[in-house]
Structures are given as C-alpha cells and as structure tokens.
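These notes concern the structure reproduced below.
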Amino acid sequence: MGETENHHHHPPPPQAAAPPAAPPSLALSRGPTWTPAEQLHQLQYCIHSNPSWPQALLLAFQHYIVNLGTTVLIASNIVPLMGGTHGDKARVIQALLFMSSINTLLQTLIGSRLPTVMGASIAYTLPLFSIINDYNDEDFASPHDRFVHSMRTIQGSMIVSSFLNIILGYGRAWGELTRFFSPIVVVPVVCLVGLGLFARGFPLLGNCVEIGLPMLILLMICQQYLKRIHSRAHLILERFALLLCIGIVWAFAAILTVSGAYNNVKPATKQSCRTDRSFLMSSAPWIKIPYPFQWGTPIFRASHVFGMLGAALVSSAESTGTFFAAARLSGATAPPAHVLSRSIGLQGIGMLLEGLFGSLVGTTASVENVGLLGLTHIGSRRVVQISTAFMIFFSIFGKFGAFFASIPLPIFAAIYCILLGIVAASGITFIQFANSNSMRNIYVLGVSLFLGLSIPQYFVTSRTFDGHGPVRTNAVWFNDILNTIFSSHATVAIIVGTLLDNTLEANHVEDRGIPWWKPFQHSKGDVRTEEFYSYPLRINEYLPSRFL
C-alpha cells in the first residue's frame, strides 16, 4: 500500500573513532622533575662569598692537610729510589709545599680564578723512573750524589718542558681544543679525574686497615649523621669533621705505636701504620727557605726533556677536568675557553718556577682539595688563598711541617675515598645539560668511561717494578711520552670522548648540549663570566685583550 516516510531514510554516517588516550606521564605519576641547574644551590659560601675569619682559617688549614697527603706520598715513594736520605725527603717536601703555595696563589689571582689548590702531580712518575734508571747504571761517590744529580736533571727537564704548557695556554691553543668539548665529553673527563685516582683510596687504606677503616667510618658518621643532633653541631661537624676525625684517629695510631702493637710486624706494615716511620721530625731543618737552583746547576738531557713533555701535557688535561669540577662545587659557571687557556699557560709558568726551585714534580689542580669544597659546602676562593699561608709557613719551618707529615698515609687514603668520590659524582651532573635518553650519547659516554678506565689500567698493570711501561721501543723518550699519556684516565677520556662526540652524527645539536655549552666558549657569551673569572684589582685594563 502506501510507503512510509521513513522508507527512504538513510542512516547517519559513522563517526570517526576517537584517538587513543595518551599514556600518563611517568614523570607526573612519580613526582616532580628537576630542571637543569648550572649552579649548586646548597652551597653555604660560593666562590666570591667568604665565611668569618676564624672559620676561614680552620677551613684553610683543612686544605693544607688534604694537600699534604699527596705531597708526602709522592716524596716517600720517589726520593728513596733516587738515593736520597730522610733529610733529602724533608727538603723535597718543603720545596713541593712551597711551590704549591706559589702556584695556588697565582692561579686564584690571575689564572683560573677558581678555588683550586695546585698540588704535586703523580703524572710525572714515569719520566722520573727513566731518570732514576739511567743513573742507577752510573757510578757515584755516594747515593746522595746520585740523588743530587737526579734532582738537577729533573730541574733541567722541567724548565724546558714547561714551555709546552706556556705555548699551549697563552697561544690559546688549549682553549681552542676545549671548544670541541660538550657536556657529553665533560662527564667522563670529570668522572675519571676522580675515579682515576682509586689507587689512592682503599688500596692504600688497606695497608693499615685498623687505622684507615676507622677513619673512613668515623668521618662518614660525624660529617653526615651526628651533625643532625643539634643546629650548632650541624655547623661544626659539616665544616670541620675532617680535622676532628684526623685528630682522633691520629692519636689512636700514636697510642698503638707507643704501646708496641707494631713491634713485631712486617716492615711494610710498620711503614704504613706507625706514626714515627716518616723520620721527618728528626731530619727536617728548623728553618729552610727554598731557593732557586738549591740542588745545583740544572742538567739538560734531550731524552729526559722529551719524556717530561708527556707529563706536562697530562697535567694540563687533568687540571682541565678538575677546573670543571671546581667550578661546579664552588657555585661558578663552567670555565670559558679563554680562562682554561690562561690557566694552562700559567701552569706552564708555575712549572718553570718549579724547575728553577728544584721541585721533585710539577703541579696540577688538586682533585682531593676540590672534593673538600663539596664535602664542606664551602667553595670560597679566599679560603683557598689563605691555605697558601699555611703551606708557606710549614715549608719554611720544617720541624712544624714534619709534625703533620707524620700522619700515617692510610688516614689520608680514607679521606680520599670520600673526596675523590664527590668529584667523580660532580662530573655525572653535567649530563643534565644533554639528552641522556639518546642512544648515541649513551654510546659515547659508555665507551669513553670504559676505555678511560681500562686503557690506563692496562698500562699501569703492564708496568715493571722499575717503571718500564708496555710501549718499549729503542727511543726511551718516545716510550715515556706514550706510556705517560695513556696511563692517565682523564687524558684518555678526553681523546676518546672528543673524537667520538665530534665524529658521530647527532639528531639535533640539543642532544649534545651544545646550546648550553656554546656561551661558555666566548668571553662575552655569558653575563656571569665577568663576575666569576675577571682579573682582580682592574688588571684587565693593563693587559692585551688576547690574554683576557
């Protein structure tokens, strides 16, 4: 019959499916996230703020004590091999401390301007072994004559090789090299500046566990846990727990020594545990001012000069990594390229002075003292400058300096276990400025860190007792250069990291952290550069712009 009006009605078109809901953000579900921070905000005093004078003096004395450990360690290991007496060792320690004070003061005034102590560098060990081996085969009237002859040769080698750092620094070449860095390179370099010194930690502590282990545990408890008891205790223990713990454990070691606990033990145990085995108190002069050519006229030998060049290069690389850590732990921004250049150039001038004054080794930025900035939360430049007064005083008045130099080395090793770890961890924080989720960055970081640990470990373990490394050609100077360079963790990290980071393609420059890094490559790239790194007392007005 008749058709209804709905007979020709068309169904509505199907609606498009709703897009799938985005998965919930894991960051939101797990709590807040932290944006990258160029400066640490937990510091109580940053690079240009200063604690009260009484506190500054105690903090400066801590820096002197921490630097003393490495100085005594190097002198104790090297001087006897050269034929030196206990008196010679005391004079060497005095010279090392004196030059450390001069170079620290220069660096904090007209160098990096960072609160870094310039301490004795272990990178010079291999060139020293070559000098020692050469003179072992020669006849001398006495072992002391052999020691003096070795010191004169070290002086000549350091004087000539110092010009490498002067040219690299003031020629701006070192700063140009750092322009190839990125946060991806800085991470392994700074990490390995700390981790590369692991042999100074528990392996050295293990030489006298009954002294070193209590020091390590006591320092952790006092500095991190007991400070919570009271607000005043928090202030004292956080800043001065290191001095307190050294005093307690040092007294404990002295009691063990006097009571005869180490009378019937191995000679190595006596050397590590007893407080009277340094023989510095009896042999150090009351007053002795280091002076130029105190060992005699320098001796220049081409083979030893070339060998020392490798050590000069390594000390520059290690100082660079330490400067980045110092900037981080003192509240400054990353050091610009021109600041790194002038600091390495000044380090070369310091090495020239060390050669003139007869220092055993050159200096580099002290990693353990930078760790002390993080431990105390005080990155004041003035504190480090005051510490140079203690170094000068105890380097001139030998008996007083010898008293503190009698602290057993395992106590210093326990301190280094914490301080070097803080520096290594500060290197990890630079990854926040790059893409840590990039597989390309993970590759660069992983390979740089592993090879930076593995290659030097091979060179160290393959070294013979007399200092010969795995590279053994007829050219001793060539062997020294390569063995020294590839025994340095930070240097290997710079080589591998810079090569990979600048040759492997990245999806975006942001992945490498270049937008954050680039402003620090120019003197006017960041408005804070002038605040942290400018010369004091309007020195800028009297220097050519190429040195600024």
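Glycine too: its Cβ is placed from the backbone N, Cα and C atoms.
Among the features that TrEMBL reports, region 'Disordered' is placed at 1-31. Here TrEMBL flags 12-23 as compositional bias 'Pro residues'. Residues annotated as transmembrane segment in TrEMBL: 61-80, 116-135, 156-174, 180-199, 241-262, 383-405, 411-430, 442-461, 481-500.
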Segment-segment contact (the transmembrane segment (442-461); the transmembrane segment (180-199)) at 3 or more Cβ pairs under 8 Å: yes
Cβ contacts under 8 Å made by the transmembrane segment (241-262) with residues that lie 6+ beyond its boundaries: 58, 61-62, 65-66, 210-211, 214-215, 218-219, 222-223, 226-227, 269-270, 273-276, 372, 375-376, 407-408, 411, 414-415
Which of 116-135, 180-199, 383-405, 411-430 contacts the transmembrane segment (481-500) most, counting Cβ pairs under 8 Å: 180-199
Leading contact stretch, 61-80, 116-135, 383-405 vs the transmembrane segment (411-430) - CB distance under 8 Å: 61-80
